[in-house]
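Asks: Feature annotation from TrEMBL assigns transmembrane segment to 20-42, 140-161, 254-277, 283-306, 318-351, 371-394, 433-450, 470-492.
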Amino acid sequence: MSEAVAKQSTEHTDAFKNPSLSWMIGFLFVVSFLGLFSVVPLRKVMIVDFKLTYPSGTATAHLINSFHTPAGAKLAKKQVKVLGKFFSFSFLWGVFQWFYTAGDGCGFASFPSLGLKAYENQFFFDFSATYVGVGMICPYIINVSVLLGGILSWGLMWPLIDTKKGDWYPADLKASSLHGLQGYKVFIAIALILGDGLYNFFKVLSRTLAALFFQLRVRKATSNLPVADRSSPESSKISYDEQQRTRLFLKDQIPTWFSIAGYVAIAAISTATLPHIFHELKWYYILVIYIFAPALAFCNAYGCGLTDWSLASTYGKLAIFVIGAWAGASYGGVLAGLAACGVMMNIVSTASDLSQDFKTGYLTLSSPRSMFVSQLIGTAMGCVISPSVFWLFFKAFKDLGTTGSQYPAPYATVYRNMAILGVEGFSALPKNCLYLCYGFFGAAILINLIKDALGKKWARFIPNPMAMAIPFYIGSYFAIDMCLGSLILFIWEKIDKVKADAFGPAVASGLICGDGIWTLPSSILALAGVKPPICMKFLSRGTNSKVDAFLGS
């Protein structure tokens with residue numbers, strides 16, 4: 001929504017709302033709690049009756065339980081020690097790099113490690129400890145997919161489309177214009193993201209409805225849908241441990257009337273408040289969202305329990321197109337669509353997160369009421385902390401969200417251009433871009449179909465379309481860092497798989513956290529006007545000769 005992102009396209013540049021700490025905190029407070037209240041009445045259905053797995057929540061529970069064994073406690077101490085070592089290394093590496101970044105394009109992050117021509121096409125290693133750590137955590141196929149996407153786009157497609165300048169699009173357009181090369185970069189990436197997202201959405205939705213139908217048929221003997229206040233039928237096949245978990249899980253009841261009343265009350269406050277924050281988002285748009293949101297939140301939470309996928313971003317894109325098209329370009333459809341996306345994503349993502357935590361609490365014998373209260377407290381803290389951290393970045397880095405900057409925020413531009421596409425339709429696309437979008441949209445669906453048809457054994461070798469789409473817009477420099485992280489982990493596993501499995505996540509977390517924590521003092525230094533003392537740049541031989549000649553004269 002910011003002016004910096006709006007100026008990167010030539011369409012609807014006047015439709016922006018710059019971040020402000022006050023309205024961001026207010027917005028989060030009136031929308032972030034709705035998802036929590038929406039799934040509470042059916043928590044017993046999903047955890048006890050339907051026994052959804054919630055893989056991430058289950059894995060977290062097993063990890064927590066393992067800490068309470070002698071061997072687990074000993075391993076945890078070693079993991080913390082390793083994390084501390086790499087945290088310190090990453091933090092100090094960030095400090096060291098800072099001294100060489102006195103100007104634009106300075107420092108190790110601008111080192112043309114693969115040559116100047118490759119650097120121009122976004123192929124270089126930028127010495128980021130964060131991305132190396134991310135590469136150690138992400139599956140190999142995700143890292144390879146990102147690299148493939150970078151090669152396909154910046155290595156092949158964009159140079160070829162650039163040769164069509166003057167034919168497919170005017171040669172005198174600004175680099176940021178969506179009617180030029182930028183349009184191909186953005187909308188083809190959107191086509192890939194939408195193709196992959198919609199395929200997985202309908203796959204998870206169909207599995208959700210099929211599983212739900214099956215579960216309800218099995219429970220046909222009961223006339224009512226079981227909710228938190230009603231008892232489950234006893235089964236002699238349930239183990240003693242399961243009986244104990246179920247007893248404790250149902251002991252601290254969260255009344256259904258409380259959750260329904262909470263949802264209605266917050267929805268009413270939100271419906272009255274949001275139009276004052278976003279004038280383009282009318283109260284009846286919000287009311288429609290809140291009518292359908294509980295069903296979508298349940299679908300997302302249920303689907304997450306089956307597949308471990310939260311499709312919050314897909315529901316957000318749906319809100320962008322529906323509300324944006326409803327409002328129209330002349331009535332602030334771009335901002336209305338983006339604001340609706342934020343509302344919808346908040347509701348469905350917090351619903352799946354709470355369900356994951358309920359599963360963790362169920363397996364660790366934690367009180368569900370305590371889990372819910374903790375979520376409320378944590379959400380309230382997040383409503384203040386998250387905007388504050390973002391505000392610090394926004395004030396410290398004036399080029400935040402700008403392409404080519406340290407923090408380009410690529411999805412900000414992608415989502416904004418989705419909103420533009422929603423209100424303008426296909427008229428926003430340059431020549432032949434629509435056909436390319438159709439092709440990549442279909443390719444994303446086809447890749448997923450092939451992946452599902454091959455089964456788990458071979459599917460791990462099929463690239464992920466969503467991951468391939470990310471470098472289409474910002475380049476593949478981070479893909480090289482991530483692939484290096486994958487290579488380090490791969491070699492480590494070949495040498496000692498047991499240690500790699502035990503300490504790999506700790507090493508990766510240390511690299512990510514150390515580099516991330518350094519951004520806080522660097523932001524404070526930037527706000528205080530303290531600049532690095534050195535600018536380290538890399539020039540071609542010809543440019544260097546010209547510089548020498550100029551200095552000699």
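Using the three backbone atoms N, Cα and C, a Cβ is placed for every residue, glycine included.
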Asks: Run the contact check on the transmembrane segment (283-306) against the transmembrane segment (20-42): 3 or more C-beta pairs under 8 Å, excluding pairs closer than 6 in sequence.
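Replies: They are in contact.
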Asks: Which sequence positions outside the transmembrane segment (371-394), separated from its termini by at least 6 residues, show Cβ-Cβ distances below 8 Å to it?
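Replies: That would be 19, 21, 24-25, 28-29, 32-33, 36, 40, 254, 350, 353-354, 357-358, 361, 400, 407, 519-520, 523-524, 527.
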Asks: Under 8 Å between C-beta atoms and at least six residues away from its ends: which parts of the chain pack against the transmembrane segment (254-277)?
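Replies: Those are 23, 26-27, 30-31, 33-34, 37-38, 40-41, 43, 227-229, 283, 286-287, 290, 294, 339, 343, 368-369, 372, in sequence order.
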